[in-house]
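Visitor: Okay, here's the structure, questions in a sec.
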Amino acid sequence: MVQVIESRFMSSASHLDNAPPPNASEIVFLGRSNVGKSTLINTLLNKPLAKSSSTPGKTQLINFFASVWVWHNQRLPLTFIDLPGFGYAKVSKTIKKEWERHLLNFLFMRQSIKLFLHLVDARHTDLAIDTSVATMLEQICRGDQCILRIYTKADKLNQSALNALYKRVYIQKNKVQGVDTDDTHTQSLLFSAISKNHRKMVSLTHLREEIVKYTLGLENGI
């Protein structure tokens, strides 16, 4: 079982040049605006550190959070990176393209990133923007990195829709609108920060353990 010893906000950055120097393994959160990134980060870190804007897509900063976890008596300093939500940004196309270029450069050049957490709204699983992100991650993912796709807000699905998504994710090994993600670098999980002990959704305890294993390279033989 993973214990969260401490968590704190580190700093914000607009691009790679003014990001804090890497001093721990890093986990990056990507997802559309309002997909639940802030909620998931705060739940994982056991502290309300990530703030969500009332205007979707308004925040254009990369936020860094430091946390110390203990797993099997091993002390693990980790850095969690919250990227700006994509899809709803109310900015000009020129600014948006420049913003996306900086983010892609950050993801590609930041050698300390070990795990990408791609959050997808369980109610809207085949949006073009998520397909683009899935494709991009598959293209830039290095041999020492992994991708963990987390379907959020699964508690909002009715039983029939939940069963269908469960079958797609765990039995059919999940494809996101034609993008084959069934490889050693990618895994998908159903999660809800609200529902507890639901047999079709992973628990918070299990999710933390999966994050640790993927970050350390234990799940794909790194």
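Yeah, the Cβs are placed from backbone N, Cα and C, and that goes for glycine too.
In case it's useful when we look at the structure, here is the feature table from Swiss-Prot:
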BINDING   31-38, 57-61, 82-85, 152-155, 191-193  GTP binding site
BINDING   S38, T59  Mg(2+) binding site
DOMAIN    23-217  domain 'EngB-type G'
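For each feature listed, report its degree of burial, its nearest neighbours and the pertinent distances within the displayed model.
Guide: DSSP assigns K153 (GTP binding site) to coil in the three-state reduction, placing it in neither a helix nor a strand. Note on K153 (GTP binding site): other Cβ atoms within 10 Å of its Cβ, all shown chains, come to 21.
Cβ neighbour count for S38 (Mg(2+) binding site): 20 (other Cβ atoms within 10 Å of its Cβ, all protein chains included).
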Visitor: State the count of C-beta atoms found within 10 angstroms of the C-beta of F191 (GTP binding site), not counting that atom itself.
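Guide: Taking all protein chains shown, F191 (GTP binding site) has 24 Cβ neighbours within 10 Å.
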Visitor: Give me the CA-CA distance between G31 (GTP binding site) and S38 (Mg(2+) binding site), in Å, as a whole number.
Guide: 10
Visitor: Specify the count of other C-beta atoms within 10 Å of the C-beta of P84 (GTP binding site).
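Guide: Summing over all protein chains shown, P84 (GTP binding site) has 22 other Cβ atoms within 10 Å.
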Visitor: Taking only same-chain residues 6+ apart in sequence, whose CB is under 8 Å from that of L61 (GTP binding site), what do you get?
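Guide: S12, A13, S14, P84 - these are the non-local Cβ neighbours of L61 (GTP binding site), listed in sequence order.
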Visitor: Which value does the mean pLDDT take for the domain 'EngB-type G' (23-217) in this predicted structure?
Guide: 84
